[in-house]
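Pulled from TrEMBL:
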- 1-282: domain 'Major facilitator superfamily (MFS) profile' (DOMAIN)
- 1-18: signal peptide (SIGNAL)
- 164-183: transmembrane segment (TRANSMEM)
- 189-216: transmembrane segment (TRANSMEM)
- 228-247: transmembrane segment (TRANSMEM)
- 259-278: transmembrane segment (TRANSMEM)
Amino acid sequence: MFGFSAPIALLMGFGMWTLPPSPRWLLLRAIQGKGPLQEYKEKAIGALSKLRGRPAGDKVSEKQIEDTIISLKTAYTDEEAEGNFLEVLQGPSLKAFTIGGGLVLFQQITGQPSVLYYAGSILQSAGFSAAADAARVSVVIGIFKSLMTAVAVLKADDLGRRPLLIGGVCGIALSLFLLSAYYKFLGSYPFVAVSALLLYVGCYQISFGPISWLMVSEIFPLRTRGKGISLAVLTNFGSNAIVTFAFSPLKELLGAENLFLLFGVIALLSLVFVVTSVPETKGLTLEEIESKILK
């Protein structure tokens with residue numbers, strides 16, 4: 001089972017080997033005296049053309065690079081290329097970490113590891129007594145998860161980040177309350193558990209799943225982006241571990257119905273966080289996000 005994943009990992013490794021460097025990173029190094037501007041500008045044009053699937057050195061990429069140079073000169077000429085971890089907890093970077101870290105934290109503590117990791121046992125309790133039956137339904141959930149992720153990819157720039165987050169988190173809360181109700185007094189209706197799982201997966205995959213990472217990648221100032229994303233990833237996997245290990249003890253202590261009720265309440269709190277604290281970044285450049293939202 002684990003061996004089947006190896007070719008996919010190798011394919012991903014080869015793909016990453018062919019990725020060009022970030023055009024903005026190249027330009028920032030040139031602007032701050034880390035290399036000749038013309039050389040790095042040409043590299044940036046080539047990298048952007050490759051990333052956008054355009055012919056090498058096309059005029060559109062050249063114009064975008066020229067515009068980026070102007071905005072970077074305005075913002076970063078007198079600054080070092082990269083901030084430190086302490087700077088992530090100060091000023092505009094702290095605001096960015098509050099937004100990005102908050103999203104990936106709520107992504108986990110609304111029960112994502114528990115609902116998805118334990119989908120098989122939830123389905124078995126819903127009447128799919130054979131492990132094979134539960135596994136088949138889990139495969140259907142996985143396919144549905146992929147389809148809903150595609151919806152988020154196609155609509156994130158059309159609808160914006162906030163509408164997808166708000167709508168998705170509302171659905172997550174509803175699905176968790178349905179799971180709680182199933183364990184509390186709807187146990188004779190197994191379709192409720194399956195419907196709640198599908199609703200949870202679908203809403204998660206159009207909101208917290210992809211949008212949190214999209215926001216993390218674009219919300220941090222360029223100086224602290226690497227360090228900020230690192231801390232956000234640490235927050236994500238740390239909270240993931242806590243929720244995963246705490247699920248079984250909490251289920252024994254509170255019962256499944258009260259545990260999913262707790263997750264539902266946390267989902268409502270995350271909705272408040274999204275509505276009050278998460279800005280819309282659709283259509284903004286990275287420099288505009290930093291100047292208009294973070295300052």
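Just so you know, glycine gets a Cβ as well, placed from its N, Cα and C.
Regional average pLDDT for the domain 'Major facilitator superfamily (MFS) profile' (1-282) in the model is 85.
Using a Cβ-Cβ cut-off under 8 Å and counting only residues 6 or more beyond its ends in the same chain, the transmembrane segment (228-247) has close neighbours at 85, 88, 93, 96-97, 100-101, 104-105, 107-109, 111-114, 117-118, 216-217, 220-221, 259.
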